[in-house]
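Enquirer: The feature SUMO2 cross-link is assigned by Swiss-Prot to Lys123, Lys210. Residues annotated as SUMO1 cross-link in Swiss-Prot: Lys123, Lys210. Per Swiss-Prot, the feature N-acetylmethionine maps to Met1. Annotation source Swiss-Prot lists region 'Disordered' at 192-233. What Swiss-Prot lists as repeat 'TPR 4' is 225-258. Under the heading repeat 'TPR 6', Swiss-Prot lists 300-333. Among the features that Swiss-Prot reports, repeat 'TPR 7' is placed at 360-393. Sequence annotations record features per position, and here Swiss-Prot assigns repeat 'TPR 8' to 394-427. Feature annotation from Swiss-Prot assigns motif 'Bipartite nuclear localization signal' to 222-239; the stated evidence is sequence analysis.
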Amino acid sequence: MEQVNELKEKGNKALSVGNIDDALQCYSEAIKLDPHNHVLYSNRSAAYAKKGDYQKAYEDGCKTVDLKPDWGKGYSRKAAALEFLNRFEEAKRTYEEGLKHEANNPQLKEGLQNMEARLAERKFMNPFNMPNLYQKLESDPRTRTLLSDPTYRELIEQLRNKPSDLGTKLQDPRIMTTLSVLLGVDLGSMDEEEEIATPPPPPPPKKETKPEPMEEDLPENKKQALKEKELGNDAYKKKDFDTALKHYDKAKELDPTNMTYITNQAAVYFEKGDYNKCRELCEKAIEVGRENREDYRQIAKAYARIGNSYFKEEKYKDAIHFYNKSLAEHRTPDVLKKCQQAEKILKEQERLAYINPDLALEEKNKGNECFQKGDYPQAMKHYTEAIKRNPKDAKLYSNRAACYTKLLEFQLALKDCEECIQLEPTFIKGYTRKAAALEAMKDYTKAMDVYQKALDLDSSCKEAADGYQRCMMAQYNRHDSPEDVKRRAMADPEVQQIMSDPAMRLILEQMQKDPQALSEHLKNPVIAQKIQKLMDVGLIAIR
């Protein structure tokens, strides 16, 4: 067992300094020696979570609970992994199960509160996603009349699929009316009352819940430390950093087991721009926090501050590393947003650093050789690498589109042709290859349009002229069955989107029952464009 303890301590030390792989190796070796040690599985679960391997973190959390069902930490590990996996309902149940064994465990209590809040928020955030949405709107006279307007239905579907757009749509009185119906409250009257209403009863008790009364139970040194901290906070707010440091240092001397005073000092050095000192103090604070079993939220704050210091220095890779460590301890929206911001910047930096026109030319030539030999998959790989090296070269997209066409991946070919044309609108090959892909898909009307654009650029282009003639003859001679027309049309993503739109389906039903309704719908340019698309592919015909 001595060897197991040594490996565990070695793993703990590696984890505390961020050497996650070393920590995992130590814990795994210790588990081989002592496979029934619940603490080892708990520690390895934490390591996997910090690495971002949440499935394995979950598995180790489950094993911890199996081995020690009355230990609250095991449930915390399991629930945290479930939270990272976005399995919030299961995480909530896990926290509840843990509290049955340790009713006063603050970590489990806080975790349960977070889960309940997130689940409630998730349900409220998208009231447009209820299964009986249209029945509810149809049953209320305030929204029944709105349903006859296709633009209203489009708006509802947009919010149904993307609730984050709600904030930008609240100026639309139709949306406020809809929310009133869906939520069962009169939002209009609420707006008027809020201007004169006094604060609701619940907030005052929250204001009264201050830490000061608890000081009666604290030892004298901790009371004095808290007073010094408050003096330091006052000085910090006034940007009197030297005075703030003195008070925080005094608080630390009075209560050396409280990591908060050290992280407060780190905050001062962060504001002063001394990021190395800030990080040094945060690492020290984490060490003190671990030794004294500090709340994970405090550990997370220290890691986040280290991440912020690297972000300020534009060392985004290091910033991401410590943001992830913070999120593994305690997940907060602010840190998650900052981490995503750093990841976005780093990804763009790496993309720009990867650009090299000379290497792009080498890859292009290799792709051309493979294309000539008929090895289209390999040619596509070389062209893809060339595009990464020089994403502004239109000819590379054109070449890859030719590969996709040979491989019968016509939608991908069209996408590359669009990119090619956007980068170089006068490049004939972009148009002829796009038209060739459309011709292969038997979309002759569109293909002729694109061949015509190529001829507008160069009237002597034989490839475009021949293609136009072929499509014209094919269109004249085609005798497709209705099934063939439908199958070909439904292969078009744009048609799929139109036909899956409930508003458009309603309009098409109305057109079948009442042909006169068409003239009203065609007044809406968006609807008219969609109907024209369905006519072009042969799905509908207007007599």
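For all residues, glycine too, the Cβ spot is worked out from N, Cα and C.
Quick one: where do these features end up spatially?
Expert: In the shown protein chains, 9 other C-beta atoms lie within 10 A of the C-beta of Met1 (N-acetylmethionine). For the recorded site, Met1 (N-acetylmethionine), the DSSP three-state label reads coil.
Tertiary neighbourhood of the repeat 'TPR 6' (300-333): same-chain residues 18, 46, 49-50, 52, 80, 83-84, 259, 263, 266-267, 270, 273, 275, 278-279, 282-283, 285-286, 289, 339, 342-343, 345-346, 349, selected by CB-CB distance under 8 Å and a gap of 6+ residues from either end.
Mapped onto DSSP helix, strand and coil, the repeat 'TPR 7' (360-393) counts 28 helix, 0 strand, 6 coil.
Per-residue confidence over the repeat 'TPR 8' (394-427) averages out at a pLDDT of 94.
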Enquirer: Below 8 angstroms Cβ to Cβ, which residues of this chain, lying six or more residues outside the repeat 'TPR 8' (394-427), approach it?
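Expert: Same-chain contacts beyond the ends: 360, 364, 367-368, 371, 376-377, 379-380, 383-384, 386-387, 433-434, 436-438, 440-441, 457, 493.
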